[in-house]
Amino acid sequence: MAMGRICLVVLLALALCLNVSLASKKMKVCDKGWECKGTYCCNQTISEIFTVDNFEELFSKRNTPVAHAVGFWDYYSFINAAAQFEGIGFGTTGGQVMQQKELAAFLGNVAAETSCGYNVATGGPTAWGLCYKEEMSPDQLYCDQNLLYPCAPGASYHGRGALPIYWNFNYGPIGEALKLDLLTSPDMVSNNATIGFLTAMWRWMNPIKPKQPSAHDVFVGNWKPTKNDTESYRLPGFGMVINVLNGGLECGKGDIDAMNNRISHYLYFLDLLGVGREQAGDNLDCGQQVPLNPVSTSTTSR
């Protein structure tokens, strides 16, 4: 009888331990105190690993009088925009090193696309990111005959934002996703720095076409190349990130300046963030990669 009671006690104890173990696996307790529901909510926030001083160092020449967007871009607009994407993994995937690497990759592309630096500029070409907020003196309206996203009368859909977006067929769906009427008011992207960062982050987190990877998924290792990708020399790495964002203009063309400019910014930002360029990974360029989205004769996908 005593033995039976002992066995019962042991079984109850085992059951209790099992329930606690299962509960701990189901419940991941987060105490970061920020508004988030999802897989990445227990990681550090971007503002915890990327400070205003980091931002100022990466974009040290953006408010120089000769820049074209003086006083526009700022750290807090970046953080406000990032808060809308942190919950789905932007800058919050992996440990701190991966988080910093993704920020260096994203902001390196931003700097490369908005720089007004050149080789003999003060501070060098990598110090002049966020010099622009929109394309200067566009030579067309970038209006495509599109029934789903028709152009608003008199609107110009030239490049705007931290990762510039072009064409009405891009302003329309990005605006819908962000709950902003960018089709009617595309100037919102160049009049509000938070929106200018939001559109860039949307581009980073979303593929251009269905069944293609996003730049984010490529960079953090969520994308696995198909046989066709491998045969097209499209392999995981920063080079494939370039291919996703602007491969039609910069990939499969050998050792060109535009591609190398992105790589230089990425490596420089890794150094400035204390990660070091030795952590950059393999396959940095896309010189031999077949473009994921070849450029049309009349329009680009950006």
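Cβ atoms are placed via backbone N, Cα and C, with glycine included.
TrEMBL: automatically predicted annotations, no manual curation.
For CYS143, the disulfide partner named by TrEMBL from the candidate list CYS131, CYS151 is CYS151. In the disulfide annotation of TrEMBL, CYS251 is paired with CYS286 out of the candidates CYS131, CYS286. For CYS251 (disulfide bond), the nearest of the recorded positions GLU113, CYS143, CYS151 in terms of C-alpha separation is GLU113. Minimal Cβ crowding within 10 Å, among the disulfide-bonded residues CYS143, CYS251, CYS286, is found at CYS143. The separation of GLU113 (active site, proton donor) from CYS151 (disulfide bond), Cα to Cα, is 25 Å.
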